[in-house]
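Features of the protein shown, as given by Swiss-Prot:
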type: BINDING; residues: CYS49, ASP50, PHE51, LYS52, SER195, PRO196, LYS197, ASN198, TYR213, LEU260, GLU261, VAL350, ALA351; note: NADP(+) binding site
type: BINDING; residues: THR137, CYS138, ILE139, ALA140, THR141, ALA142, CYS143, MET144, GLY281, GLN282, MET283, ILE284, LEU285; note: substrate binding site
Amino acid sequence: MAPFIPSSHTAIIQHDDAGGVKITPGLPLPVLEPGQVLVKTAAVALNPCDFKMPQRFSQAGTYNGCDYAGTVVQLTEEVEKNGLLKVGDRIFAACVGNNPHDKDSGSFAEYLKGTAKFCWKIPDWMSFEEAAGLSGTCIATACMSLFQSLKLPGTFEEPATKPLDVLIWGGASSVGTTMIQMVKLLGHRAITTCSPKNFELVKSYGADAVFDYRSPTCAADIKKLTRNSLKYVVDPFSDLRTMALADEAMGRSGGKYVALESYQDTHDKKSKLIERELIMGQMILGRAIKLPGDYGKPENPEMGRWGVECYKSVQRLVDDRKLRPHPLRILDGGLEAILDGLEMLKRREVAAEKIVVRL
């Protein structure tokens, strides 16, 4: 029997051009484009971008939220023909939420639209909450950073035979533990920073070496460990302090620095040897990102084709239990709990955990 699909639903959307969001009932269901599916949302995960993006790129009526897990309830004709998904499939992925050019794209909703070729099927043994917690946003960001920006040798199927050192700043964050796992799966050494209380946590995800980011000798200690040869850095924070420390830890010949936030270059002598790049997870889709400043990106169909193959590789990792979510803090309460969780993130009350909300 076909699943019941209502004529309207409730979602969290921006209610003004100042970045405020609120729960809004009576909204029409998302309009599906070719290749998309309608998903009944079961769980969502929260990211800092979920409160930052409405503040930076505000436009009334735009849906909020990225990471989700749920059940497919409707297919477009293209998906019916290609057979990528079927009604009843449990899937997880990430929407491009807070998108002023695709306003009803967002996961903080009773129903959402997902692109079939950029979704993963949830194994029978995995819960919706765990799947949402794997975070499509973190996975896409990690893949873009490690493969497309750093261009590390090796694949998940055929890891590198000569390990390289990769510094992941902030390893106790959800993107940090995702990066650590993927660096190890690619056959490389994962070096990271965090608070001493989280040393054992990041080691449990595979970190080979971990340093206290507050230590006055942090960068020097990393440089000593890597014998002044570190060439690869990923920095989720990308502020002047973390950039300066990353530069100091980098080897004598410089290297590649991946920023996950818009950054201001230090323009010191060392920085001339360092190539910097801003990476966002949604770049993996190959679509144009129509945002101002550094966040704007042109359409890249070749990237999108690579992204599809990358998602297939990640599906195999998930199926083989080689990728696990960040420690979860699960909240009940539906959309109201999402708003509570966003406030917790704003107040920096969440550390070394991923907030997941059941809908």
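Every residue, even glycine, has its Cβ placed from backbone N, Cα and C.
Quantities reported herein were computed from a predicted structural model and do not represent experimental measurements.
Feature map: annotations from Swiss-Prot on the structure.
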residue: PHE51; record: NADP(+) binding site; contacts (Cβ under 8 Å, 6+ apart): LEU342, LEU345, LYS346
residue: THR137; record: substrate binding site; contacts (Cβ under 8 Å, 6+ apart): ALA45, ASN47, CYS49, CYS66, ASP67, ALA94, VAL175, GLY281
residue: ILE139; record: substrate binding site; contacts (Cβ under 8 Å, 6+ apart): ALA94, THR178, GLY281, VAL314, LEU323
residue: THR141; record: substrate binding site; contacts (Cβ under 8 Å, 6+ apart): VAL175, THR178, LEU260, ILE279, MET280, GLY281
residue: TYR213; record: NADP(+) binding site; contacts (Cβ under 8 Å, 6+ apart): TRP169, GLY170, THR193, CYS194, SER195, THR242, LEU245
residue: GLU261; record: NADP(+) binding site; contacts (Cβ under 8 Å, 6+ apart): PRO236, PHE237, SER238, ASP239, LEU278
residue: MET283; record: substrate binding site; contacts (Cβ under 8 Å, 6+ apart): MET144, GLN148, ILE289, LYS297, ASN300, MET303
residue: LEU285; record: substrate binding site; contacts (Cβ under 8 Å, 6+ apart): VAL96, THR115, PHE118, MET303, GLY304, GLY307
residue: ALA351; record: NADP(+) binding site; contacts (Cβ under 8 Å, 6+ apart): ALA172, SER195, ASN198
Distance, LYS197 (NADP(+) binding site) to CYS143 (substrate binding site) (CA atoms, angstrom): 28
Cβ-Cβ neighbours of CYS143 (substrate binding site) (radius 10 Å): 24
Structural state of TYR213 (NADP(+) binding site), classified by DSSP into three states: coil
Annotated substrate contacts THR137, CYS138, ILE139, ALA140, THR141, ALA142, CYS143, MET144, GLY281, GLN282, MET283, ILE284, LEU285, maximal Cα-Cα distance (Å, integer): 14
Other same-chain residues whose Cβ falls within 8 Å of the Cβ centroid of THR137, CYS138, ILE139, ALA140, THR141, ALA142, CYS143, MET144, GLY281, GLN282, MET283, ILE284, LEU285, the recorded substrate site, in sequence order: ALA94, GLY136, MET280
Cα-Cα distance maximum in Å, computed over every pair in CYS49, ASP50, PHE51, LYS52, SER195, PRO196, LYS197, ASN198, TYR213, LEU260, GLU261, VAL350, ALA351 that the record assigns to NADP(+): 28
